[in-house]
Amino acid sequence: MSKQGFKNVPMAPALTWPERLGQYWKLVRGDRPIGSLLLLWPTWWALWLAAGGLPPLWTLFVFTAGVWLTRSAGCVINDYADRWLDPHVERTKSRPLATGAVSGREALWVFVVLMLVAFALVLSLNWLTVALSVPGLFLAASYPYLKRHTHLPQVYLGMAFGWGIPMGFAAVQGSVPLLAWLLYAANILWATAYDTWYAMVDREDDLRMGSKSTAILFGRYDLIAQGVLYALMFAALVLVGLRAGLSIAYWAGLGIAALLVAYEFHIARHRERGPCFRAFLHNNWVGLAIFVGIAASLALR
C-alpha cells in the first residue's frame, strides 16, 4: 500500500518542554533499552576478542556510547521512514511521530545530532575506524527503507547492527582480520533470527499494509527457518572459538546460549504475538551468555 492510501500524520499537539523532552526520549527508545543491548553485546564480543581481554578504556567508552547513539539514531530514522505506516499498526500507533507529538523535521534534526555526536567520538580513534564509520552510517540510514523492496530487511539489520565488529577490531588492532568477519557473519545470522521473532509479531499488520519481512517470506516454515538460522549462527561461533583458541569457559557460554535459544522455540511454538515478542527479548540473555564466555575465557588464559 502506498502512503497515499494512508491518512495524514496528525499535527503535533501543544506540549510543554518537559512533555516534549519525554516524547524525544520515547523517539530514541530511551524507555526500551533492549535494542541497545542487542547491539552492545556483539560490539563487546569484538572488542574483547580484538584486545585479548579488557580493551583500552577510551575505546570501550567510545564504542559503548556509540552503540546507544547509533541505535537511537536508527530508531529515529526508522520511525521517520514509517511515519505514514505506524498510525495503522497496533504496536506502533502510539509512537511520537505516529501521533504527531514530534514532527518529521524535528526527527531528522534529532537523527543528525545523534550521528554527529557519534562521529565526533569516532574521530578520536584511528583512520581505519573513521573510514569504516562511513559505510556504517549508510547501513543505519538506509535500513528502514528496505522493507518496501525486499523480504530480507532482517538480514540488512544484522549487517547494520554488527558493523561495530569490524570497527572494533580496526580500533584495537588497526586491521580487520578473518576472525572479525567470522564474528560479523555470526552476528548477521543472529540478528536475522531474533528480528524474525520480532517480525512474526507484526506479520498480519505487515501483510495488510504491504510491508515485507523474513517472517512473511518464511511463512508456515518460519520455525524451521529459524532453526537453520540459529544453527548456522552457532556454527559460525564455533569457528570463532576455534580460530581464537578460546577455552572451556567460551564453550560453556555457547552451551548456555544454545539452551536459551531452545527455550525461545518453546516460548514461540504457537506463533502467538506475545510469546514471539518474548522470544525476541530473550536474545539479550543469549548475547550476554556469549559475552561472559568470551570474557571469562580470555581472563583465565
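Cβ coordinates are placed from backbone N, Cα and C, and glycine is handled just like the others.
Noted in Swiss-Prot for the protein shown:
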{"type": "TRANSMEM", "residues": "34-54", "note": "transmembrane segment"}
{"type": "TRANSMEM", "residues": "57-77", "note": "transmembrane segment"}
{"type": "TRANSMEM", "residues": "108-128", "note": "transmembrane segment"}
{"type": "TRANSMEM", "residues": "163-183", "note": "transmembrane segment"}
{"type": "TRANSMEM", "residues": "222-242", "note": "transmembrane segment"}
{"type": "TRANSMEM", "residues": "248-268", "note": "transmembrane segment"}
{"type": "TRANSMEM", "residues": "280-300", "note": "transmembrane segment"}
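Taking every listed stretch (57-77, 163-183, 248-268) in turn, the largest tally of C-beta pairs under 8 A with the transmembrane segment (222-242) is reached by 248-268. If you count C-beta pairs under 8 angstroms between the transmembrane segment (280-300) and each of 34-54, 57-77, 108-128, 163-183, the highest count goes to 34-54. Sequence-distant contacts of the transmembrane segment (108-128) (same chain, six or more residues past either end, CB-CB distance under 8 Å): 24, 27-28, 58-59, 62, 65-66, 69-70, 72-73, 76-77, 80, 102, 137, 140-141, 167, 170-171, 174-176.
Note on the transmembrane segment (34-54): residues 60, 63-64, 67-68, 70-72, 74-75, 161-162, 164-166, 168-169, 171-173, 179-180, 183, 187, 190-191, 194, 240, 244, 280-281, 283-284, 287-288, 290-291, 294-295, 298-299, 301 of its chain, located 6 or more positions outside it, place their CB under 8 angstroms from a CB of the stretch.
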